[in-house]
Every structure is written in C-alpha cells, then in structure tokens.
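The next block holds one structure in the form of structure tokens; read it before the comments.
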Amino acid sequence: MGRKLDPTKKEKRGPGRKARKQKGAETELAKFLPPAGDEGGKRLSSRARKRAAKRRSESAGAPETKNLSPSPKPLTKGARQPPGKKGPQASGLKIANKPLLVPAKGKKRPAPPHSSDEEEDSEDNDAESEGDNWASLDSEDDMVDDYGVASEEETDEDDELLPIEKAAQKQRAQEAETLSQWSSEDSDDEEEAEQHSPKPKSKNDDEENGDLQINLDKDEKFVLPSGKEIEQENAQAPDLQSVHQRIQDIVGVLRDFGSQREEGRSRSEYLSRLRKDLATYYSYGDFLIGKIMDIFPLSELVEFLEANEVPRPITLRTNSLKTRRRDLAQALINRGVNLDPLGKWSKTGLVVYDSSVPIGATPEYLAGHYILQGASSMLPVIALAPQEHERILDMCCAPGGKTSYIAQLMKNTGVILANDANAQRLRSVVGNLHRLGVTNTIVSHDDGRHFPKVVGGFDRVLLDAPCSGTGIISKDPSVKTNKDEKDIKRCAHIQKELLLSAIDSVNAASKTGGYIVYCTCSIMVEENEWVVEYALKKRNVRLVPMGLDFGQEGFTHFREHRFHPTLRSTRRFYPHTHNMDGFFIAKFKKFSNAIPPSKKSDAAANPTNSTDSRLMDGPSSNKAQVVPQPKISPKLVKKTKQAGKAKVKLETRRTEVKLGAGKAEAKGKQQQQLLKKTVFKNGKQVHEGPRPPTARIPNSSQPPPWKKQKSQS
C-alpha cells in the first residue's frame, strides 16, 4: 500500500523567492506598529503600514528606489534610462502637442502630479505633507518593492518572452506611432478649415430664407394628374417613386380636404386615384384594395399595407410537458440564438430575433421541447381556456399547433378529438403530436359539418375556420391578386355552416364548459362579424369576454350595416399595431341545447301573419284590403264559352280514342293469356282449356270437299 508520510521527519527547505524579497519585513514593520495593548488607536491597513515604513526609511537617509518629481516629463520614443537606476520607463508620443504615455510591458509608469483627491485617500495621520508625493503609489500597478529590491517577476517575464511576443510588441508600437501621425494631421486640417471657413450668416438672412420657403410651400398645392398624363403613365412602365410620392400627397390632401383640395375636384376623385396608386405600388387587386380601404381609416391604411410587406418575427412556444421556458431559453442562447419572452400575456412564448443555427432543426426541437407557432395562433387557445379532464373538439386542427397547446394546458388529461377534412394535412398533425409527447388526443378525418350527427356532447369546441387568408398576406403574397368577391362569399357560407355545427356539438349543461371559440386569419367583415351575427340569430348563444387585455374591439357598425352591441367583446389583431398576423377571435357561451325556430317555420305555422305587407292597411293589420277586379265585356264571355266547348269536344274525342286503344290492348292481353295456357309434353304442344279460334289449314294431298263432290257427280 505504500509508506505513510511522517510530517515530523520532513526536511525544511530554504526560503523561496518571495521570502527572500520580503526578508527583514517583520523587523522593519515592528518599529512602526502600535503597542499590543493600545486598542484605542487607529488600526492601519497593510498599504498604510508599507507607506509609513517607506517614508521612515527615506527620512533616515535610505537610497530612493524611484525618481519622483511633481511634474514628470514624458520620454520620447527610443529614450533609455541610465542603467544604474531602476524605475519606470515609458515611451512618449506627442499628438497635437500633447504627450501620450504608452507604458511598456513589465515597466512602471512615472507618478502623475499629485491632486487633492489623492491627498484625501492617504491614510497616514502623522505626516500629511510627505503623503502628497506618495499618494500616487496607492495602486498596485505603480508600487515597487518596499525595501528597494527589484521585482524579479517582471524581469523574468521580460526574459521569458517568446520571439513572436516581442514582434507583437513592436507591431503595437508601430501602430501607435501611425495613429499619432493621423491624429496630428486631422487636427491640422481642422485648424485650417476653421481659419478658411466663411463667416456665419446673420439671423436676418436665415429668417428671410425661411419665410420664402414657407411661402413656396403654401403656394404649391397637389394637383391630380389629367387624362393625358394618366394615359402616358399607362403606356409606360410605372415609376414607383413618383407613385409613392403621389400617394403621400393624396393622403395629405384627404386629411385636410377643405383647405388642400383642388377646385372643381371631389373627394371621390381623390379616393379613386388613391385606390389605383395603392394597387399599383403594392401589387394588389382592385377588389381587395377596395375592401381594405373600407376597413381602415387613412391614418392606418398605408401602415397596414407596409406591414404586410415585412415578415412577422419568428415565435416559438415552449412545450411545458417536457421542459420549462427558462431552461429552453438558456439552452438556445448557448447555441447562439438571440431571443426574448414573447409578452406578459404568454407564459410559454419566445420571440427569436436572429440565430446562428437553424431554429427548426436543433436537438431541442427534435426532442419536442418547443414548436414553431405564430403569436396570433396562441390567442384562440388562451381564449378557450381548457380545463383538465374535459372533452374538447378541435374541428379544424391541422397542422396541430393549437391541438398540442390544448393538450399542454390540460396536462395530457381528458380527451381531445382533433378533426380535419384534409387527409394530407393530418400527417403533420400526427407527427407534431408524437414529437411533443401528446397522449390524450384522437385524430379523425371527417367533414366538420357532419359532426353533430357523428359525435357530440363536448365541453368546449375550437373552430379555426378556413378563410380567405387576408390577414397573413406577409406569408402568402398571392392573396393580393387571387381573391375576389365570390371567394369571400364562398368562405363565409362554409364558415356559417361550420359554426352552427360547432355550437350544436357543445353540451350547454356542462358544469365547466359550454364554450365555443371561433377564429379566422382574415380581416374581412363578411367572414367575421357577419358570421357571428348569423350565429347569434340562429342558436341560443351569447358572446362573452375572452380574457385578453389587448386587441381592438370588433365592429358594431360597418358602413350601412349594424351589428349586435355585444360584438364589442370580440377582438381584432392587426400586423401594424400588434406585430402579429391579422386575426379575429370570438367566444360564445351556449345557454340552451334547444334550437330556436326559424322565421320560415313560424310563417308556415301562422299563414295569416305571412301575408304581404303591401296588402295591409296601416294599424288594422288583420283586415286585408279588397282588390278591385276589372270588368269583362260580353264578347269576351262568348268567346271564352265557345273556346270552352271546343276544348270539351277535343277532350271527349281524346278519351274515346284512349278507350278504343284500351279495348284493343285488352283483347291482345286475352290472346296472350290463352297462348300461355299451352303446355309442351314430350316435345308436342298440348292445349289445355278452350281452343283458340284458328283458321283451318287444308291438306295439300287431299282436295277440298267441294271438289270431291264435283268429281263424284
């Protein structure tokens, strides 16, 4: 096992390098230390004790270790100190007649001139006058050995420098010299420029120029282009710079139309010109740009269009089933990802500014610690607020981001039914659910409009309805031109059907649920407020707050349309105000499973109330007005009678013909029945029943009977 070390037999080695340097320190410091019993005196620090010993040795006639002066002069480059003295060395450079000190490695800088601040730092109470010259020695860098012994560490470092390190020192010195030359040349140029610079203008000249510029601005007004100018522009390629400038001018005129407008021009002319310019500059279709101009005021119109040209920031959602947001952020930061928390409203979101690695292929992503999801896609799930052990339906679930977020909030409890009508998109749903570790979800493929008949009785339903995509133009720029009014109406019709089926799939008697969240990635009123208004009329539901502190309220009136006042609880999100995709969210609460009767069924049950309002006379709505009938001449009566008689005759003839045809058909049927009664036995026809009247066929071998009689006679 080996022998144990006996510390008593260990040989003592001689003093080391530091011990040799500090030889005699204890005896020298003992002279200046206070007596042991004197506890009332001020206790000096180690630096103060060393400075006191140094001052005492100097007063006793000890040789100086440093050549100090109150106003040191910088040494020029290349100057050397006498070999007999050991002290600070520095290479001095002059920039603009001012010394620049560049200390060399391992050497000490000369002490700067003393100041009042350094006098306050002195801790010696016995000799204040001598402390002024030594105040600069407070820093450890400027201190030399207290007892006149040269620093061996510094000399050893200089001796041990490698050739490459020495070359680096020379290069630094050359760079400093060139910098000093450049700075001196710049200072000389500045002085010459100041000498030759013209005299400053007087205030009167500035005021006159300002007045002239203001007058010019007031006189110049924007003028709409004439017909010839428009034709020339259409014939040539559009100049986007001039079009953009004209857009700004038109917006400025419309903001102050009374004073800025051109005489003889109406507001509609300016709006039509603005509409064409916006469509040209931002590459929109005429239909969509008109819809956007109807939704946004002028102050937000250009901002919205500009925001659609810029992509939204990359956001990701932490999977709390596998990790925490703090740990995930630290792991991604270590991989070179610059990120921040998404906002106060989200406890799991992170926004990524830039990354040195592909954010969708990191080990954390493949392990299911996070998923790439837009900020606006997290809001519907937060509004739904799913609880544990509930039955939830995600009617349009692809690609699975919202479904996995619901499972995350439910902590993998309860049951989630993830449905989608597109089988190809369900592949991404299954892949994301497996990667994120979701185990409480059933994936189904069916049309959402069939769902109340297939499965029902859910506690909550999330409907992310298919839409026109006018809120995600930054992701899909093709929406600018390939959408028209038919597409909007088609989407609105499908959304109404899906929303009614989603409401019917919810159980109003649920203790914890009974909620439906409807959302779209569109900004069109036809796909949002109109659909919600339709559902409020067709089902026993009401709108409730969704628990989001930000977002703009939904429209309660749009142009000539008026909606239910509870639509204020819905929320709209725009890219230019919230820096996320355009989104609309509404939350319903179902208070009855009964379906209210429609107006058509009421009209069928009460036919008296379904009469035309034009036939009603004011307050007495139960009495119908008698419509006066026109008088008929006797000639018309005769003609009608004659025509009636002719029609009767024709009808009788037709009936007779039909009866005759019927009799012939009856005879034919009787004959067929008789023929059917014949039976074949042993290949011979045997007749059973009455014999049909058949013609007698004479035998060719025997003559007829009348010929026989003639021959006999």
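Any Cβ shown, glycine's included, is placed from N, Cα and C.
TrEMBL entries are annotated by machine, without manual review.
Per TrEMBL, region 'Disordered' is recorded for 1-218, 597-713. Marked as compositional bias 'Basic residues' by TrEMBL: 10-22, 44-54, 636-647. TrEMBL lists 117-131, 138-162 with the feature compositional bias 'Acidic residues'. What TrEMBL records for C396, C397, A398, P399, G400, G401, K402, D420, D447, D464 is S-adenosyl-L-methionine binding site. Taken from TrEMBL, the feature compositional bias 'Low complexity' applies to 658-677. According to TrEMBL, the feature compositional bias 'Pro residues' maps to 691-706.
Location within the structure of each feature annotated in TrEMBL.
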residue : record                               : CB count, 10 Å
C396    : S-adenosyl-L-methionine binding site : 20
A398    : S-adenosyl-L-methionine binding site : 23
G400    : S-adenosyl-L-methionine binding site : 29
K402    : S-adenosyl-L-methionine binding site : 24
D447    : S-adenosyl-L-methionine binding site : 14
Longest CA-CA distance among C396, C397, A398, P399, G400, G401, K402, D420, D447, D464, per record bound to S-adenosyl-L-methionine, angstrom: 20
Three-state composition of the compositional bias 'Basic residues' (44-54), taking helix and strand from DSSP: 9 helix, 0 strand, 2 coil
